[in-house]
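Notes for the one structure printed next.
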Amino acid sequence: MEPQKKLINSVNSCVDEALCGLVRASGGLSLLKGHRVVLRSDLDNLKGKVALLSGGGSGHEPAHGGYIGAGMLSAAVAGGVFASPPPTSILAAILALHKAGASGVLLIVKNYTGDRLNFGLAAEQARNQGVAVDMVIVAEDCAFDQPSKAGRRGLCGTVFIHKLAGALAEEGCPLDQIVSKVKEILKGIGTLGVSLSPCSVPGCLPSFDLPPGDMELGLGIHGEPGIKRSKVASADEVVKTMLDHMTNPDSQSHLPLSSGDNVVLCVNNLGALSCLEMAVVTGAALSCLENRGVVVVRVMSGAFMTSLEMAGVSLTLMKINPEILRLFDATTSAPAWPNLSSVCVSGRNYIIDSPVLTTQPQDDAHTEGPRSPVMRKVLEKICSTLLEKQEELNCLDRAAGDGDCGNTHAQAARAIQDWLRDHVVPGCPGRLLSVLAGLVQEKMGGSSGALYSLFLTAAAGHVTDGRSDAAAWASAVHAGTQAMRRYGGADPGDRTMLDALCPAVEELMKLTTAPPSGTMAVLQAAVQKAASGAEATRDLKARAGRASYIAADRVTLPDPGAVAVAAILRAVVETLEEQK
C-alpha cells in the first residue's frame, strides 16, 4: 500500500512552503527569519498591549497562522506535520513580541503533552530573560467519559480563545485579567469530532483504518482514533449522537447545557467534507439545539481547525453572556476569521415570501376559434409521433449522451396529451404556443425542455388572432430559432437540433413572399431540408451539448435532437396535407 498522493513538492519542504504561501498571500503577515514563526507585519501596534502567541503541529490549517491579525493572535509557531514546535522557535517568537514593546505575552496552548512541554520550556526561559509570560491550556474535548491523566485534548474551541483573548488584548486588558477571564470562559466550551475517513501525514500511510461505511466518534485532530465506531447514519442522527454525548451529565468531560442557554456554535470541517455536507450538518445542528430550547446566537461553519484531508466534522459549543458576545463580535483583521453577521441566529425569520406569479398559461381558460380543430390535430400527431420514436431517440442518444432523449420527448408528448384531454385549444395561436411553452418547461425538464420552451415563448408573440397567416408563422419559427441560438450558444454545424431546424427555417422564410398556392410546396421542402439536416449530423463533430464531451470517432449516428425536430416538422406538414 502506497502513501496517499499529495499536491506538494516534497515531504520535507511542504511545511515551510505552506507557511511561505500563507504569508505571501496575506499582506498583514510576515515570517521570522530562521524559524517557522508567522507574525503580524504591524508589530509596532503591539506597544503597551499583551501579545498573543499560539501554535502547534502543522496540518491543522488555517490554524494557527490564519488567526494572526489585530484582535486575534500576534504570532504563531508551527511544528512539522502533527509535531509540536521546538522550544527555540517558541522562544524566538516570544522575544520578537517582547522586543516590539508588548507589555506581556500570553501563550495559548492545546492540551497535548509535546505542546505543553515545549511551550512551557520556552515560557520559563523567557521569564528568565525578564519577559512577562503566562500560559492558558485549552482542553475542551468532550470525547472521553473518564479522561486519562493527560486530560482532555485541545480542539477547535482553541479558535474561540484566540478570538476572545485577542479582543481583550486589543482593548488593552492586562495579562493577569485576560488569563482569569479566559479560564472562566473555557469552562463553558466543549468540542466533539466525528470522521468518515482517516487522514495521512505526507509520506506516510493513513493514521488508522476505517472501513467504508463506518464512522469514528470522538477522534482527535492528529489522526488518533476515537472512542466509538459505528455505521454511518444520516446527518441528523450523527449530529444528535454528537450533541447527546457532549452534554451527557454521566460523562466527566461533558458540557452542561440547559434549555434557555445562549451559545455560539462552530461547525468545523476537519478537512475533506464538501461545503454541501457542511451546510447540511450546520442545519441539523441548529435544529437539534433549538429543539432542546438552546438559543444559538452565532454560527461559524467552515474549516477552522483541520486534520489534513480527514472527511469529518467537529462541533464546538461555547456558552455566552453579553460580554463574551461583545468580544466575539469585535472586529479582527485575521484572514481566517469568518465575516459573521451580528444578528441572533435562533428566532430569526429567514424566509421571505415569494412574489405572486401570474397563473400559468396552461391553467387559464381559453376560447376556441376557427383554427382550433386543425391545431388540435397537429398536436395530436406530434405527440403520437414522438411516442412512436421514443426508443429510436433513446438509442441514438446512448451513442453520445445519457440515453434519455426519447424519454424526455415522450414526457413532453404525454403532458400535452393530458392537457388536450381537459382543455379546449385556444383560437389564438400565440396563446397556444405560450401554453405549450409552459407545459414543456414544467414537464420536459433538462436542456431540451429549456430550449423548446425558449423557442415557443419567443415564437408566441409573432402569431396572434389578427395575424396568423403563413408569413406570420414563418417569422414566429424564425424568432424561436434565434432565441435558441442566442441562449443555447450553438450554431448550425455543431451537431444539435439546430442542424435540422435552421435549414427548415431558411426554407420557411420563403413563405413571407410566396403566394398562398405555393405554401404547401414550401412546407414540404422545409420538411425535406430538416430531414437532410438531421441525416447530415452523422458526419458532424459535436461542438455543443453533452455530446461535445464524447470522442468524435465514436459518434457515427445522427443527432437525436435533430431527428426529433425533423419528425415534429414532418408530423405538422402531414397533418396539414390531410386537411386539404
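Note that Cβ sites are derived from N, Cα and C of the backbone, with glycine treated the same way.
Quantities reported herein were computed from a predicted structural model and do not represent experimental measurements.
Annotated features, as they stand in TrEMBL:
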DOMAIN    10-337  domain 'DhaK'
BINDING   Gly57, Ser58, Gly59, His60, Lys110, Asp115  substrate binding site
ACT_SITE  His222  active site, tele-hemiaminal-histidine intermediate
DOMAIN    373-574  domain 'DhaL'
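With a 10 A radius on its CB, Gly57 (substrate binding site) counts 22 other CB atoms from all the protein chains. If you take the Cα of Lys110 (substrate binding site) and the Cα of the residue listed as 'active site, tele-hemiaminal-histidine intermediate', they are about 12 angstrom apart, rounded to a whole number. Considering only the residues assigned to substrate binding, Gly57, Ser58, Gly59, His60, Lys110, Asp115, the longest pairwise Cα distance works out to 15 Å. Ranking the recorded positions His60, Lys110, His222 by how many other Cβ atoms lie within 10 angstroms of each Cβ puts His222 at the bottom. Annotation for Asp115 (substrate binding site): spatial neighbours Gly55, Gly56, Ser84, Pro85, Val109, Gly154, criterion Cβ-Cβ under 8 Å with sequence separation of six or more. Other than the site residues Gly57, Ser58, Gly59, His60, Lys110, Asp115, same-chain residues with C-beta atoms no more than 8 angstroms from the centre of those residues' C-beta atoms, the substrate site, are Gly55, Gly56, Ala63, His64, Ala78, Gly79, Phe82, Ala83, Ser84, Ile221, His222. In this structure the C-alpha atoms belonging to Ser58 (substrate binding site) and His222 (active site, tele-hemiaminal-histidine intermediate) are separated by 10 Å. Just so you know, the Cβ of Gly59 (substrate binding site) picks up 27 other Cβ atoms within 10 Å once every protein chain is counted. Ser58 (substrate binding site) has a Cβ environment of 25 other Cβ atoms inside 10 Å. Of the recorded residues, His222 (active site, tele-hemiaminal-histidine intermediate) and Gly59 (substrate binding site) place their C-alpha atoms 8 Å from one another. Per-residue pLDDT, averaged across the domain 'DhaK' (10-337), gives 96.
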